[in-house]
Amino acid sequence: MSEKLFCKSKKNPLFANQNALNMNTDKSGLVLEGGGLRGAFTIGVLDAFMEGNLFFPYAIGVSAGAINGLSYIARQPKRAFHCNILSLKEHAYVGIGHFLKGKGYIDLEWLIRTYPEQTFPLDFRTYSASRERFVMVTSNCLTGEAEYFEEKSDKDRVLDICEASGSLPVMCPVKHLDGIPMTDGGVCDSIPLLHTINEGYIDNVVILTRNKGYRKPQRDFNLPAFLLRKYPEIRRKLILRYKLYNEQLDYVEELESKGKVRVIRPQKRMNVTRTTTDIRKLERLYWEGLEEGRRFIEENRQGHQGWGDKSLL
């Protein structure tokens, strides 16, 4: 059997305690997977959470999950929907034209900075004053390891971290943070549930952007030698990403089957890719996320009065 890339720590408290999940407000975490434009589903769920005043002491986002999480922590419902989806009516920020101009296949600078600042600015005062911890994941191009950033005092740095977290390798330029080249956090830690648990948050909700049972197929990437030649560690991780991602999905579903984690994922057949720009498809996925988020609150609020409100300002 080949060596697993994803290792579950023996100190993991979820394996020491086999009791059914008992949501504990102080130990609750929210994990936001990326997925590019599939994040329309996450946007819907987070808007439902804001609608229901449901917040968590700890939230962690990867790639699109980090970008969409900003509006959630800043208490700005519909902001991500407007900036990520409706904005496509005004500017197709996804496409080969941006790539040829050196901005990346997805123009993250326009998505994260230019358009929002003109139309729906981030409420940084609320974001920085929020009591929740918010962690954004990137991948270090030099070490091939995930990096975890928290920032509440410097708006430009927050946006820089988000841009690094969403910079798809090869498709987008490498983003430097503190002089270190960074790329998409999903390369090294697509679903940072284990990291969340190791931070001490053991009652978790995970928002995925794939249907249940999905597994990434093994592909022979056979990347041309000139691609990522400066970053051999990240190149190796990218080639093996399917394996790490599938092992993380196995872990999530294992804990879900034991009642150790709650998972919100699309229920309808997924017909959106990370680069889909069909606004009607994205809107449908958003509304599905909104419905699933509302359903989650309805099913869980009754037994946990005050769970979400305790994290409010």
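From the backbone N, Cα and C atoms, a Cβ is placed for every residue, glycine too.
The secondary structure of Ser63 (active site, nucleophile), as reduced to three states from DSSP, is coil rather than helix or strand. If you look up TrEMBL, you'll see Ser63 marked as active site, nucleophile.
Annotation source TrEMBL lists active site, proton acceptor at Asp184. Secondary structure from DSSP puts Asp184 (active site, proton acceptor) in a beta strand.
Summarising the annotation, TrEMBL assigns domain 'PNPLA' to 30-197. For the domain 'PNPLA' (30-197), the model's average pLDDT works out to 96.
If you look up TrEMBL, you'll see 34-39 marked as motif 'GXGXXG'. Helix, strand and coil counts from DSSP across the motif 'GXGXXG' (34-39) read 4 helix, 0 strand, 2 coil.
When Cβ-Cβ distances below 8 Å are used as the criterion, the motif 'GXSXG' (61-65) is approached by residues 31-39, 42, 134-137, 165-166, 168, 184-186, 189-192, 207, 209, 274 of the same chain, each at least six residues removed from its ends. Summarising the annotation, TrEMBL assigns motif 'GXSXG' to 61-65.
Long-range contacts of the motif 'GXGXXG' (34-39) within its own chain (CB-CB distance under 8 A, at least 6 residues past either end) are made by residues 61-68, 84, 94, 106, 165-166, 168, 184-186, 190, 209-210, 270, 272-277, 282, 285. Note: the Cα of Asp184 (active site, proton acceptor) and the Cα of Ser63 (active site, nucleophile) are spaced 6 Å from each other.
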